[in-house]
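Q: Let me begin by handing over the structure; questions about it come next.
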Amino acid sequence: MASKPTEPVTVLSLRRLSPAGLEPQQQKEPKTFTVEDAVETIGFGRFHIALFLIMGSTGVVEAMEIMLIAVVSPAIRCEWHLENWQVALVTTMVFFGYMVSSVLFGLLADRYGRWKILLLSFLWGAYFSLLTSFSPTYIWFVFLRTMVGCGVSGHAQGLIIKTEFLPTKYRGYMLPLSQEKRGRFADLLDAKYLRTTLQIWVIWLGISFAYYGVILASAELLERDLVCGAKSESQAAVPSEDSEGSQSPCYCHLFAPSDYRTMIISTIGEIALNPLNILGINFLGRRLSLSVTMGCTALFFLLLNICTSSAGLIGFLFTLRALVAANFNTIYIYTAEVYPTTMRALGMGTSGSLCRIGAMVAPFISQVLMSASILGALCLFSSVCVVGAISAFTLPIETKGRALQQIK
């Protein structure tokens with residue numbers, strides 16, 4: 001007699017019994033994870049390397065736009081017979097557009113996604129950068145460069161995308177975590193954080209002022225050959241007639257191949273000395289490392305006054321670019337670590353705004369004051385860095401090895 005066919009078992013139900021074997025053990029509540037817990041559990045791997053290589057292009061584009069301003073300054077000065085303040089205004093308006101639109105791009109990124117806003121910012125910047133090449137007048141040039149600055153501000157989303165996937169243990173080696181719940185502005189001025197906040201603002205302002213100042217100052221030194229007083233402004237000025245027949249000073253000393261070589265070599269300094277910066281951050285601590293690099297920045301600004309060879313000037317500029325980049329790396333990490341979760345994004349945002357103010361002021365020192373007194377301009381940059389070094393050394397909190405604070 002044939003046996004009755006049995007249906008396959010598709011579901012197997014198990015239950016855990018108590019030691020007595022009588023009552024089932026109560027089911028445990030499922031464990032939940034935050035996004036940060038998941039990132040910490042996954043760790044660091046090939047995905048992060050690919051992400052950093054791709055999103056690192058945002059930093060490359062931003063650096064190119066800033067360097068472009070320095071390189072084209074001699075050309076636009078002659079093209080439209082500009083005064084020093086008019087040349088400086090171009091750079092200032094770029095950072096003004098950056099500062100104004102960064103808030104808007106941040107809000108849009110939180111709502112519609114970071115990669116969409118990052119792509120939009122790339123297209124925006126590319127479009128207006130191309131239009132800049134066809135600027136018919138100085139006013140159009142300033143307007144289009146301001147629009148480029150608006151687009152560049154969206155590139156910060158690339159930084160955020162990178163850091164959102166970065167485990168905590170790599171913060172000292174890569175970049176700070178920055179996607180957090182927003183707090184209130186009043187929290188930054190609470191008695192517990194008031195001194196820290198004020199000193200951080202001073203440091204951010206000084207670092208930005210020095211960073212963009214050295215980029216523009218190096219271009220001015222090379223354009224007018226002001227090192228060692230080789231040429232005074234009166235000697236460097238070449239009278240040029242405009243369309244109405246009037247004469248205006250025009251510095252038609254466009255960059256020579258050696259000048260471009262100097263700019264490229266000095267720029268490499270921002271990358272070449274990163275390993276030393278990483279060692280300093282992780283072994284000396286954030287405060288001491290930052291105070292040392294800012295103090296050295298002040299020293300090398302003064303050394304630019306020394307009469308030296310072309311190789312010596314390249315060495316000074318190379319070291320300066322390495323130091324100002326190290327300052328930025330350290331203060332990014334410190335700011336992200338010192339504030340609790342609810343205040344971290346706000347602390348970074350307000351610091352970034354002050355950073356743009358420093359960048360807006362720097363052109364008038366590098367391109368206006370320096371033409372009148374190279375010693376005065378370099379001493380001013382050096383003095384600001386000294387103030388920043390003192391502020392860094394006296395910060396009330398050291399964040400090396402300190403866990404991220406989750407509550408105020």
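Glycine too: its Cβ is placed from the backbone N, Cα and C atoms.
Sharing the feature lines straight out of TrEMBL:
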type     : residues : note
TRANSMEM : 49-73    : transmembrane segment
DOMAIN   : 51-408   : domain 'Major facilitator superfamily (MFS) profile'
TRANSMEM : 85-105   : transmembrane segment
TRANSMEM : 117-143  : transmembrane segment
TRANSMEM : 198-222  : transmembrane segment
TRANSMEM : 372-395  : transmembrane segment
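Could you place the listed features in the three-dimensional structure?
A: Residues 65, 69, 73, 76-77, 117, 121, 138, 141-142, 145-154, 156-157, 212, 216, 349, 352-353, 356-357, 359-364, 366-368 of the same chain lie 6+ residues outside the transmembrane segment (85-105) yet bring a C-beta within less than 8 angstroms of a C-beta in it.
Outside the transmembrane segment (117-143) by six or more residues, the chain places 58, 61, 65, 76, 80, 82, 86, 89-90, 93, 105, 108-109, 150-155, 157-158, 161 with a CB less than 8 A from a CB of the stretch.
Below 8 angstroms of C-beta separation, residues 196, 199-200, 202-203, 206-207, 209-210, 213-214, 217, 221, 226, 229, 233, 287-288, 290-292, 294-295, 297-299, 301-302, 304-305, 327, 334, 365-366 of the same chain, each at least six residues beyond the ends of the transmembrane segment (372-395), sit close to that stretch.
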Q: By Cβ distance under 8 Å, which residues at least 6 away from the ends of the transmembrane segment (198-222) in the same chain are close to it?
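A: Distal contacts: 66-67, 69-71, 73-74, 91, 95, 255, 259, 262-263, 266, 290, 294, 297, 301, 304, 313, 317, 320-321, 324-325, 327-328, 331, 334-335, 338, 347, 350-352, 354-359, 361-363, 365-367, 370-371, 374, 377-378, 381, 384-385, 387-388, 391-392, 394-395.
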